Amino acid sequence: MAGKTDSVTIRVPYRNLKEAEREVEMVGVEPNHRIELNSPSSSSPGVVPNGNSDLSPQIPPRSKQCSLIYLVLSCTIAAGVQFGWALQLSLLTPYIQTLGIGHAFSSFIWLCGPITGLVVQPCVGIWSDKCTSKYGRRRPFILAGSLLISVSVILIGFSADIGYHLGDTKEHCSTFKGTRTKAAFIFIIGFWLLDLANNTVQGPARALLADLAGPDQRNTANAVFCSWMAVGNILGFSSGASGKWHEWFPFLLSRACCEACGNLKAAFLIAVLFLTLCTLVTIYFADEVPLTLNEAHRLSDSAPLLDDVQQNGLESSRLKPDIAVDSANGRSDINLKHANSKVEDDQNHGFNDGPGAVLVNLLTSLRHLPPAMHSVLIVMALSWLSWFPFFLFDTDWMGREVYHGDPKGSTSEIKAYDQGVREGAFGLLLNSVILGISSFLIEPMCQRMGAKLVWALSNFIVFACMAGTAIISLISVKEYSQGIEHVIGGSATIKNASLVVFALLGFPLAITYSVPFSVTAQLTADSGGGQGLAIGVLNLAIVVPQMIVSLGAGPWDALFGGGNIPAFVLASFAALAAGVIAIRRLPNLSSSSFTSSGFHFG
């Protein structure tokens, strides 16, 4: 109408600008027409004169506060996933050796974790952003991933029985000491599926909580999510530490599945039931707003962190509308041809969000990082070279070096090994408790000391603890080899010292799971490519060391006669190098601006 005075807004997305939001306002002689050139982060959609939705529609952030109980019930899935992850950490490296896979090759199986973390999780994150299911963006992925977790843990738990029926051996598991090839193959399939499924669920679960939380509830939502993860960790490690499952569920035992297998099978079945309950609660209470088809066609955050100046200029020129103002008649002519053609191209074809494209973009982004980020990546990589051997062999170390057991030895050695594995799971439980408590201390520590010193301190503590495990192992093995009667099955002093090491490692682990991500957020806040991609690049410094350790730890240990001491010695040197480089190379960031990202498990 002629008498209408409301302005009409058109929003056109800029790509990869160095500012989080850039708005150019052009007002012609006709005062009721305004054009805004906004970033995709704009929260309010515009309307073009023909009544269609704007060129870059966005999901408006939730403006109302949610009740605490609503947030708590909406993210119970975190506890279910973490329950299974805790069992995986504590039981699966020892269990694969009971199927006849040697210690030197058991680490190869863990390659799936870093591979899926590198490729699957970023892709699932992008796909869930653009999912147009009527059930919401995140819940379909959470449901599919939970179903896949259930299938994978059943395969793992029943791998020995499946291998038995496929013809591995008819000999009873208590006497057979050879390799059960078919059972091991089923186990590996289940193990890799479990890692893939975990990465499928974790990203959408976190994104779901961010979608549901109000603008002032980010810290509360993160605390709730991490609390559920702590619950899952405690329950999972408690289940792994229990040696009574086969007594409570004797029907799970068979000729192919003895006590250790029965305990693992029962624990994983409980994990399936718990995960099912958590998934149903999350899906029922999480009230997602479905994404429309037009809203799914928006710019992705999978482009490089910092495009060069020429590319930024090219993108800007492609999106900039042609405007001609006729001062004689007081009217303006606006040509949106370039903007429309660009947006239509995005809508028709979209960005290539496949695994290859995501990986290439992550690698390309390395050369666009702020200079200080290179030091962060080096320290992060060295930190994970020290952490991952512990994650791989912690419970196996307890069974072998502390309790002097052997998963393929005599009956007494097998029992000693199983007891050591359960004690290792209890040590991980202590580790999780200390980790959770320490998480609340990280922010004040960083504000007082600075994130640089706190991160360096964590690496020096890891160095001391990893060196301590090697010293404990040498003393324990030496005493045992001398035939001292009181150390048969492990010295009480050695056992207690080992548990102390497990508990102490909870403090630096809380720092490792929090400070590097907060440092990255500060360094890349103005980089223009998106925090999500910056974290994705940081993830490279986690998964690449994991691949190195997975490929090399077993053969490295075998080179020095087996056991876990060589891997832990190498881990201690990596932690020491990380601490020194952190002191010398990391930037001094503003202590007052540090905000903890919350603790994380798995």
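Note that Cβ sites are derived from N, Cα and C of the backbone, with glycine treated the same way.
TrEMBL labels come from automatic prediction, so no person has curated them.
Residues annotated as compositional bias 'Low complexity' in TrEMBL: 38-53.
Residues annotated as region 'Disordered' in TrEMBL: 34-58.
What TrEMBL lists as transmembrane segment is 68-87 (among others).
The transmembrane segment annotation in TrEMBL covers 107-128 (among others).
Among the features that TrEMBL reports, transmembrane segment is placed at 140-163 (among others).
Beyond its flanks by at least six residues, the transmembrane segment (183-201) meets 77, 81, 84-85, 88, 92, 95-96, 99-101, 109, 112-113, 116-117, 120-121, 124, 141-142, 144-146, 148-149, 151-156, 158-160, 162-164, 168, 256, 602 of its own chain at Cβ-Cβ distances under 8 Å. If you look up TrEMBL, you'll see 183-201 (among others) marked as transmembrane segment.
Panel annotation: around the transmembrane segment (266-286), residues 70, 73-81, 83-84, 87, 91, 136, 138-139, 142-143, 146, 149-150, 153-154, 156-157, 205, 208, 212, 235-236, 239-240, 242, 245-246, 248-249, 252 of the same chain, lying at least six beyond its termini, place a Cβ under 8 Å from a Cβ of the stretch. The annotation transmembrane segment is assigned in TrEMBL to 266-286 (among others).
Away from its own ends, the transmembrane segment (372-393) comes close to residues 89, 93, 106-107, 110, 455, 458-459, 462-463, 466, 469, 505, 509, 512, 516, 519-520, 523-524, 534, 537-538, 540-542, 544-546, 548-550, 553, 564, 567-568, 570-572, 574-575, 577-578, 581-582, 585-587 of its chain (Cβ-Cβ under 8 Å, at least six residues beyond either end). Here TrEMBL flags 372-393 (among others) as transmembrane segment.
According to TrEMBL, the transmembrane segment annotation covers 424-442 (among others).
Look at TrEMBL and you will find 454-477 (among others) tagged as transmembrane segment.
Residues or ranges marked as transmembrane segment by TrEMBL: 497-521 (among others).
Marked as transmembrane segment by TrEMBL: 533-553 (among others).
Among the features that TrEMBL reports, transmembrane segment is placed at 565-583 (among others).
Against the transmembrane segment (565-583), stretch 454-477 shows more Cβ pairs under 8 Å than any other of 140-163, 424-442, 454-477, 533-553. Counting residues 6+ beyond its ends, the transmembrane segment (424-442) has Cβ neighbours under 8 Å at 86, 89-91, 226, 230, 233-234, 237-238, 240-241, 394-399, 454, 498-499, 501-507, 509-511, 513-515, 596, 598-599, 601 in the same chain. Here the transmembrane segment (140-163) has Cβ contacts under 8 Å with residues 77, 80-81, 84, 87, 92, 99, 124, 127-128, 131, 133, 173, 180-187, 189-191, 193-194, 196-198, 200-201, 204-205, 208, 254, 256-257, 261, 264-265, 268-269, 271-272, 275-276, 279, 282-283 of the same chain, all six or more residues outside its ends.
Counting residues 6+ beyond its ends, the transmembrane segment (454-477) has Cβ neighbours under 8 Å at 379, 382-383, 386-387, 389-390, 397, 401-402, 404, 442, 445-446, 487, 490-491, 494, 497-498, 501, 504-505, 507-508, 511-512, 515-516, 519, 563-565, 568-569, 571-573, 575-576, 578-579, 582-583, 586 in the same chain.
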